[in-house]
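Presented below is the structure to which this report refers.
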Ligand code: SF4
């Protein structure tokens with residue numbers, strides 16, 4: 001694509017993964033620090049093409065080492081406005097992945113990059129070439145950018161100074177949608193940036209639902225669609241309301257059919273179980289149904305431990321991603337927790353039973369006060385038994401559901417008798433629920449009766465083995 005760079009640049013490298021064995025250096029990520037930030041500036045504040053590096057370069061880094069990395073881009077142009085910052089910032093993820101031997105994951109202050117050994121051997125020894133390639137792509141692909149300048153920081157002290165500013169910028173962007181709601185607008189926005197690895201993904205951004213990656217809100221979608229209507233962010237006319245509670249609209253359903261090539265034709269924006277939003281893989285948090293307590297847990301990328309269902313974020317993310325509607329799992333952006341419509345058709349906050357402490361602290365100010373102390377963290381519950389006890393002890397609203405279901409069971413004479421010693425109410429799982437796979441050796445908690453309603457079950461083979 002461009003001869004001046006010591007690496008190939010092409011969309012075909014987008015899915016490239018750099019594993020530990022092939023890695024030369026790791027940049028930012030969960031064990032270090034970093035961020036990416038785009039700021040709109042006046043024309044005279046930007047020196048086009050200028051690159052500044054604060055801290056060591058790739059050539060100064062030892063093989064196998066880990067370093068912080070912040071990337072700041074200043075953009076200017078007649079059409080450039082602050083609303084476009086997030087859109088350009090999200091393209092940093094896409095364009096860095098175009099570079100052979102450079103891997104970029106996540107967004108904002110969760111970014112995580114790796115440089116491969118092969119790339120360094122072929123000459124990728126300086127961040128300058130990487131930044132210049134990105135600046136070239138910004139200007140080629142986003143013609144409203146007339147001038148761009150890049151500042152990369154690998155010095156931890158400098159990053160610690162700058163990261164607070166970056167977080168304040170992200171926060172003020174997120175807060176812009178607080179007073180705007182789905183019912184106030186006629187148009188939602190779609191994004192296809194993740195279609196390369198999640199071809200049936202249908203990303204719909206509304207005032208009450210930030211993108212799964214957390215990087216694009218309704219204002220960002222609107223600004224991007226305005227400057228480049230044929231680009232990856234585009235308008236989705238809302239159409240008629242089919243059901244306001246679950247967030248089902250004719251326009252979204254039509255877009256779902258078109259964008260997923262017919263795989264999906266219904267999406268309920270604020271539903272967890274029924275026709276949920278698709279999950280691409282960039283989501284900041286994954287929600288998971290816990291049938292033993294009939295509640296929903298949430299786990300974010302930063303949580304390295306195991307959720308009460310015995311699974312880690314990475315396992316559940318693997319099961320949820322790929323652009324599918326996976327009933328029982330849902331990928332969301334952190335800011336969706338702040339939405340007044342947060343999974344409202346499935347009980348909203350009253351259905352939430354567990355989340356990691358760090359995530360809970362991050363969004364505590366947006367939780368209804370009466371539920372805050374009733375949601376368990378890893379400090380309160382590490383498995384379903386301790387979770388059940390915690391919820392009972394705190395009189396979590398989910399207990400009412402248990403009681404209702406217990407009463408229903410008692411009234412239903414055809415229902416199978418409970419197993420001996422089973423003291424927990426039986427939960428009804430959605431018919432199309434995908435049960436999470438328990439961790440190897442984790443064992444079951446025992447005593448859950450599964451009632452499948454309207455389910456079609458087909459079994460290819462049954463193997464019966466004698467147990468010694
Ligand atoms: S998660 Fe959605 S909004 Fe974010 S980059 Fe992917 S497709 Fe676009």
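Going from the start of the chain as shown, residues are counted 1 onward.
Each Cβ is built from the backbone N, Cα and C atoms, and glycine gets one as well.
Residues annotated as domain 'CO dehydrogenase/acetyl-CoA synthase complex beta subunit C-terminal' in TrEMBL: 170-400. What TrEMBL records for 191, 194, 280, 282 is [Ni-Fe-S] cluster binding site. What TrEMBL records for 404-440 is region 'Disordered'. Per TrEMBL, the feature compositional bias 'Acidic residues' maps to 404-413.
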For the compositional bias 'Acidic residues' (404-413), the DSSP residue counts stand at 8 helix, 0 strand, 2 coil
Number of Cβ atoms other than its own within 10 Å, given for residue 194 ([Ni-Fe-S] cluster binding site): 25
Among all protein chains shown, how many Cβ atoms are found within 10 Å of the Cβ of residue 191 ([Ni-Fe-S] cluster binding site), not counting that one? 28
Per DSSP, three-state class assigned to residue 280 ([Ni-Fe-S] cluster binding site): coil
Can you tell which of 280, 282 has the most other C-beta atoms within 10 Å, given these are the binding-site residues? 280
For [Ni-Fe-S] cluster, residues beyond 191, 194, 280, 282 with C-beta within 8 angstroms of the site's Cβ centre include exactly 193, 195, 198, 201, 203, 211, 212, 213, 281
